[in-house]
Amino acid sequence: MFKDLEKARPGTRRDLPAVLAALPWNAQGLLPAIAQQHDSGEVLMMAWMNREALEETLRTGRVCYYSRSRRSLWRKGESSGQVQRLVELRLDCDGDTLLLRVDQTGPACHTGRRSCFYNRLDGDGLEVIAAPEIDPETLYHR
């Protein structure tokens, strides 16, 4: 399906069941999902989605991921209150990566930072470039 879409004109559509069936889920039934703030373009985080998480996200408009460590659905913000509302969902050209354009409430990272990408790496090493907005102990009511 995705090879055919390379030559498709804008406005070309495919039904959701056909798209979901054509997605190249990995051996664990997952696809990488990148969350991006819809209005600024800031990359917030990368997580995983299985089919159930993707369908729930599309159905409800509230982002749901799949937690590999817990082996269960992870509804973003369920314990922290820092929810992601789906604005738009895109697929890359191969259909093997999801881009979720979201409206993020508060920090996206479990460390209390706005983005999980707060470590800059260059030829000299790693530098932390962002401070937490919220103490993680407060964020998760520990």
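Counting begins at 1 with the first residue displayed.
Keep in mind that glycine also has a Cβ here, set from the backbone N, Cα and C atoms.
Over in Swiss-Prot, the protein carries these features:
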BINDING   Asp92, Asp94, Asp96  Mg(2+) binding site
BINDING   Cys93, Cys109, Cys116  Zn(2+) binding site
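Annotated features taken from Swiss-Prot, shown on the structure.
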{"residue": "Asp92", "record": "Mg(2+) binding site", "Cβ contacts under 8 Å, 6 or more apart": "Leu99"}
{"residue": "Cys93", "record": "Zn(2+) binding site", "Cβ contacts under 8 Å, 6 or more apart": "Phe2, Leu5, Glu6"}
{"residue": "Asp94", "record": "Mg(2+) binding site", "Cβ contacts under 8 Å, 6 or more apart": "Phe2, Pro24"}
{"residue": "Asp96", "record": "Mg(2+) binding site", "Cβ contacts under 8 Å, 6 or more apart": "Leu23, Pro24, Leu31, Pro32"}
{"residue": "Cys109", "record": "Zn(2+) binding site", "Cβ contacts under 8 Å, 6 or more apart": "Leu44, Met45, Ser115, Cys116, Tyr118"}
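DSSP classifies Cys116 (Zn(2+) binding site) as coil under the three-state reduction. The Cβ centroid of Asp92, Asp94, Asp96 marks the Mg(2+) site; residues of that chain outside this set whose Cβ lies within 8 Å of it are Phe2, Pro24, Leu91, Cys93, Gly95, Thr97, given in sequence order. Around the Cβ of Cys116 (Zn(2+) binding site), the number of neighbouring Cβ atoms within 10 Å comes to 17.
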